[in-house]
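Each remark here refers to the structure printed beneath this line.
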Amino acid sequence: MTKYVFVTGGVVSSIGKGIVAASLGRLLKSRQYSVSILKLDPYINVDPGTMSPFQHGEVFVTDDGAETDLDLGHYERFTDTPMSRLNSVTTGSIYQAVINKERRGDYMGGTVQVIPHITNEIKERILRVAKDKNPDVVIIEIGGTVGDIESLPFLEAIRQFRTEVGRHHVLFMHVTLVPWIPSAGEMKTKPTQHSVKELRSIGIQPDILICRCDRPLVPGIKEKLSQFCDVPVECVIPSPDAKSIYEVPLLLEREGLATQVLNLLNLEQRQPDLSQWQALVERLYGSHRPLEVAIVGKYVRLSDAYLSVVEALRHSAIALDQELRIRWVNSEELVENGVETALSNVGAIVVPGGFGIRGVEGKIAAIQYAREQGIPFLGLCLGMQCAVIEWARHIAGLENANSAEFDANTPHPVIHLLPEQQDIVDLGGTMRLGLYACRLAPHSLAEKLYGETVIYERHRHRYEFNNAYRNLFLETGYQITGTSPDGRLVEIIEYPAHPFFIAVQFHPEFRSRPNAPHPLFYGLLAAAAKNSNRDHPQLVPSF
């Protein structure tokens, strides 16, 4: 029977519940247990697809086209297991489902209430993951902080869930803060005690405490928390700050987290194999060749807006024994401040995705600089569209060329709306989303990097290259090296006269893994190393 681990958070938000959940997933998988991780988000949006990156960070897209919380990216990267739309649940989606059932008459005229209808729907979503994926363990992260009014239906649902499924099949893990107070020179347990008290008032007694702290727990703290929170001392697990999130599974393994989880769930204790993960962390900390990469975007004030891009770069840097340094460049300020000043001496330039006209001219200027200066360049989604506009204006001779998204009256709409998007009014969940096949041109840079002729990548866009300009681009030196299998949609463009210039309509960052860096990011950093007269082992990773 499937076991369930619920992860709640207390005291403050952004305490690291997602990393703890993902790390536990890695520890269980290292013991040959199958795992799926579910995120329950308390906001009323149906999904984060229409939310501002400044508020929410990046939107992570799954193979089946779900627009989800960025934590699902952590889940995939740590467990190397694809997530789906079943792994992301919001208050909005719960209420939407319940209201739809009420409109259909499913409740037979009954009064629809938070208990039992909302809580039953939450429990059904949890069970659906277990039924669909049949994992040994489902880890469920509850978004928000205990005490938030938005989280109450989820907490009530998981309280009921433990009673219905059975205590030996369910475990409650609470991630909390144990702060160091400099003026007192002491660690304080009171915030954790109050957080657990709040949780217990709802009817949930945590089985394990994960104690977030900026330093090792001082002697006596574990015993004090054990006494006041009614948790066995061996289940009070310190989680001090780490230099990298990829070190967290190893730290939690040393503290015995997985052992306690298996004990409490009556699962067999198995020997873990974390050798590859240990080697990954050693390579990360052993990297000694610095390489600076510029990320040119309009959401750079919040680095989480480009989280998967940064992680994909980091995966490749680890494989290439490079110390990755990110130079954040605000595309809104780029033209005014000067492109050369902002991008001088960078090893590579990445222009990631986005929506809307704001900051686009800065992205185009950065792409022109990369092309003219021979700096390795990778464009992603909107980054490819901006590369098309840049080429159209400066090489193909199409004055005022633009995307129809930014200028509906442009004389040269080199980027236009996908035909199937013409009559769509709603914004949420209506783009070209999810995993699609792409056919690569023989002998192209893309084929050389991937080592395959047909690839599969995740998409999130409404606009595409306008095929009316395809021949002109080919005649002026661009190459179209990736298309949809029917040849209709342009997915990859290259400039072969450049050391490394490639742009793609999809989001390769979502499929990069710590132990399997994505070929495009690996190729970018390898080209940057070559440009810097550094040795690099090979063009594609060998994992």
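Our numbering is plain: 1 for the first residue shown, then up by one each step along the chain.
Placement of Cβ uses the backbone N, Cα and C atoms for every residue, glycine included.
For the CTP site, Swiss-Prot records Asp148, Ile149, Glu150, Lys188, Thr189, Lys190, Pro191, Thr192, Gln193, Lys224, and the single candidate of Ser13, Ser14, Ser403 listed with them is Ser13. Per Swiss-Prot, the candidate among Asp69, Asp71, Asp80 that belongs to the ATP site alongside Ser14, Ile15, Gly16, Lys17, Gly18, Ile19 is Asp71. According to Swiss-Prot, the residue from Glu332, Glu333, Glu336, Glu405 that belongs to the L-glutamine site alongside Gly354, Leu382, Gly383, Met384, Gln385, Arg462 is Glu405. Model confidence over the region 'Amidoligase domain' (1-267) is summarised by a mean pLDDT of 95.
In space, Gly18 is the closest of the binding-site residues Ile15, Gly18, Thr189, Lys190 to Gln385 (L-glutamine binding site), judged by Cα positions. Neighbours of the ATP site: apart from Ser14, Ile15, Gly16, Lys17, Gly18, Ile19, Asp71, residues of the same chain with C-beta atoms within 8 angstroms of the site's C-beta centroid are Gly9, Val20, Ala21, Glu141, Val175. Closest in space to Gln193 (UTP binding site), of the recorded positions given as Ser14, Ile19, Met384, Arg462, His507, is Ser14, taking the CA atom of each residue. Excluding Gly354, Leu382, Gly383, Met384, Gln385, Glu405, Arg462 themselves, the residues of that chain whose CB lies within 8 A of the CB mean position for the L-glutamine site are, in sequence, Gly353, Phe355, Cys381, Cys386, Ser403, Ile415, His461, Tyr463. Separating the Cα atoms of Lys188 (CTP binding site) and Ile15 (ATP binding site) is a whole-number distance of 16 Å.
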